[in-house]
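Annotated transmembrane segment per TrEMBL: 6-22, 43-73, 93-117, 138-156, 168-186, 227-250, 256-275, 295-315, 321-343, 350-368, 388-406, in sequence order. The domain 'MgtC/SapB/SrpB/YhiD N-terminal' feature in TrEMBL is assigned to 12-124. If you look up TrEMBL, you'll see 173-380 marked as domain 'DUF4010'.
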Amino acid sequence: MTTLELFQSAGVALAIGLLVGAERERAKREHGSPGIRTFALAALLGNVATLVPVVVAALALGGVVVVVAAGYVGGREEDRGLTSELALLVTTALGALTRYEASLAVAAAVATAVLLASKERMHRFVRHTVTEQESTDALKFFVVAFIVLPLLPTTAVGPYDVWVPRRVWLLVVLITGIGWAGYAATRAFGARRGLLVAGLAGGFVSGTATIGTMGARYREAHELRRATLAGSLMASAATLVQIAVLVTIADPAVAARLYLPLAAGMVVLVLEAVILSRHQKGIGDQAAAGRPFALVPALVLAAVISLVLLLATWLNQRYGASGALIAAAAGSLADTHASAVAVSTLARQGTVTVSLAVTAVAVGLATNTGSKVAAAAVTGGRSFAGSVLLWHLPPALAIAAVLLAFG
């Protein structure tokens with residue numbers, strides 16, 4: 001490194017020490033606690049330690065550890081804690097890191113300062129906001145997402161090699177994750193607005209899975225019928241937005257024919273969702289939220305989606321690319337976005353006409369609605385599925401009417 005670069009890294013280290021030290025200076029409770037100057041010097045020490053022989057650097061850093069340990073042991077019992085001491089060690093290490101990855105060191109320093117400044121809020125959240133049930137369910141979700149998922153194979157199995165175990169389990173993670181999002185939104189905003197937000201956000205991930213999750217919430221609390229239906233409609237609105245964006249990328253000519261029909265359907269869906277949400281009777285937020293983690297409904301829904309994927313693959317294999325409408329309908333049983341992009345790509349390549357591609361996307365939307373109704377039936381029962389179908393008819397008719405009038 002040049003002399004200028006050495007001074008620059010030392011300056012970054014000093015800034016890191018001042019940042020973390022300023023937070024500790026504000027929060028320290030006693031005269032003996034390390035303050036802003038101590039942290040600044042520790043960061044500079046870490047930076048300088050990278051320039052000297054390893055033995056000297058080890059002795060210097062060992063001295064910091066000894067000083068930290070002495071401060072902890074000598075502190076008053078009622079004020080004794082490891083936060084400031086560990087923060088001092090982290091600051092020293094970040095000072096050393098500035099020699100090699102200054103941007104990473106700065107980002108870590110900001111994260112450290114934010115973490116230190118959030119003490120009261122974090123303690124209050126963990127002790128008074130999070131319930132024991134939520135804590136247990138969070139651990140279960142982490143097991144499902146971060147332990148089981150990485151262990152599953154990525155090799156395709158089953159008929160037509162249609163199932164990849166890790167992707168199938170990813171559906172379970174996705175569905176339970178959407179459930180968590182809905183739970184958090186319900187607790188934060190209440191049943192009316194919370195499930196609307198959760199439905200919209202989940203719809204950008206998977207409309208079918210989101211509606212399945214809403215069905216599970218309805219089965220737990222029938223008084224949430226209107227709110228869960230509203231969330232389902234918002235999920236479908238998100239699906240239409242995604243299709244518009246993806247088809248625009250695949251073939252702008254097809255997208256231009258779809259903008260008005262998709263916009264009409266989205267407007268109707270949002271209006272229906274708002275009407276249903278406003279007529280949802282208020283109940284306690286905790287009762288409305290239910291349980292954050294429900295594995296069995298997620299497993300059942302993932303199995304159903306996997307079977308639908310098998311059916312779609314079989315139909316595509318049988319009829320091939322020549323049956324564009326059948327292929328689009330079959331593919332949309334599992335994923336309407338992929339089918340819409342595929343048929344739009346064929347139109348751009350000249351394999352099919354733009355008009356046929358537009359019709360294929362519309363047919364795909366219809367069959368995908370069937371998948372959503374099936375998911376609603378699996379998790380929420382026939383009554384909920386019937387309501388989902390009923391409330392999806394007006395936007396479907398709006399799309400068809402605009403398509404016939406302007407398509």
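Note: Cβ is positioned from N, Cα and C throughout, glycine not excepted.
Those TrEMBL annotations? Automatic predictions, nothing curated.
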Mind checking which residues of the chain, 6+ beyond the ends of the transmembrane segment (138-156), have their Cβ under 8 Å from one of its Cβ atoms?
162-167, 169-170, 172-173, 176-177, 180, 292-293, 295
Quick test of the contact rule: Cβ under 8 Å, at least six residues beyond the ends. What residues does that give for the transmembrane segment (93-117)?
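Hits for the transmembrane segment (93-117): 1, 8-10, 12-13, 15-17, 19-20, 22-24, 27, 42-47, 49-51, 83, 87.
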Looking only at the domain 'MgtC/SapB/SrpB/YhiD N-terminal' (12-124), what are its DSSP counts of helix, strand and coil residues?
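Output for the domain 'MgtC/SapB/SrpB/YhiD N-terminal' (12-124) reads 91 helix, 0 strand, 22 coil.
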Against which stretches of its own chain does the transmembrane segment (43-73) lie, if we need a Cβ under 8 Å and a gap of at least six residues from its ends?
6, 9-10, 13-14, 16-17, 20, 32-34, 80, 82, 85, 88-89, 91-100
